[in-house]
Amino acid sequence: SMTDVIPEADINKAIHAFKAGEAFDFKKFVHLLGLNKRSPADVTKAFHILDKDRSGYIEEEELQLILKGFSKEGRELTDKETKDLLIKGDKDGDGKIGVDEFTSLVAES
């Protein structure tokens, strides 16, 4: 589970920062989680947890549930937040985020 990668207290802090009404900001989310300070192996582990269908990609519907991937308390992203994050992360334009793209997205945060 995600708590094997990131301490639960950090997950809770990050999830609560983006309650309903708070615009989702991936960079801020990554910093609150401390994900940018984790090892590449941990970032890859987080990716695989978010990749619910084990396709090797985070598709748009999985991206919309990214906060829920960290905690069931998390809200769904709005359609606009999801699209914005997809555009930011999808470097090769295939409409989904691969592990290398996810790692880059975290590293750039």
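Each Cβ is built from the backbone N, Cα and C atoms, and glycine gets one as well.
Sequence annotations record features per position, and here Swiss-Prot assigns domain 'EF-hand 1' to 38-73. Marked as Ca(2+) 1 binding site by Swiss-Prot: Asp51, Asp53, Ser55, Tyr57, Glu59, Glu62. According to Swiss-Prot, the feature domain 'EF-hand 2' maps to 77-109, an assignment based on sequence analysis. What Swiss-Prot records for Asp90, Asp92, Asp94, Lys96, Glu101 is Ca(2+) 2 binding site, and it gives sequence analysis as the kind of evidence.
If you take every residue in the domain 'EF-hand 2' (77-109) and average the pLDDT, you get 97. Here Asp92 (Ca(2+) 2 binding site) is compared against the binding-site residues Asp53, Ser55, Glu59, Glu62, and the shortest C-alpha distance is to Glu59.
Secondary structure from DSSP puts Tyr57 (Ca(2+) 1 binding site) in a beta strand. Report note: the Ca(2+) 2 site is defined by Asp90, Asp92, Asp94, Lys96, Glu101, and the residues of the same chain whose CB lies within 8 Å of the CB centroid of those residues, excluding them, are Tyr57, Gly89, Lys91, Gly93, Gly95, Ile97, Gly98. Note on proximity: of the binding-site residues Asp90, Asp94, Lys96, Glu101, the one nearest Ser55 (Ca(2+) 1 binding site) is Lys96, by Cα distance. The Cα atom of Glu101 (Ca(2+) 2 binding site) lies nearest to that of Tyr57, taking the binding-site residues Asp51, Asp53, Tyr57, Glu59, Glu62 as the candidates. According to DSSP, Asp51 (Ca(2+) 1 binding site) sits in a coil region rather than a helix or strand. With DSSP states grouped into helix (H, G, I), strand (E, B) and coil, the domain 'EF-hand 2' (77-109) comes out at 20 helix, 2 strand, 11 coil.
Sequence-distant contacts (6 or more apart, same chain, Cβ under 8 Å) of Asp53 (Ca(2+) 1 binding site) comprise Glu59, Glu62.
Of the chain residues outside the Ca(2+) 1 site list Asp51, Asp53, Ser55, Tyr57, Glu59, Glu62, Lys52, Arg54, Gly56, Ile58, Lys96 have their Cβ within 8 Å of the site's Cβ mean position. The Cα of Asp51 (Ca(2+) 1 binding site) lies closest to that of Lys96, out of the binding-site residues Asp90, Asp94, Lys96. Geometry remark: Asp94 (Ca(2+) 2 binding site) versus Tyr57 (Ca(2+) 1 binding site), CA distance 10 Å. With a cut-off of 8 Å between CB atoms and residues at least 6 apart in sequence, the same chain places Tyr57, Ile58, Glu59, Glu60, Leu86, Asp90 near Lys96 (Ca(2+) 2 binding site), listed in sequence order.
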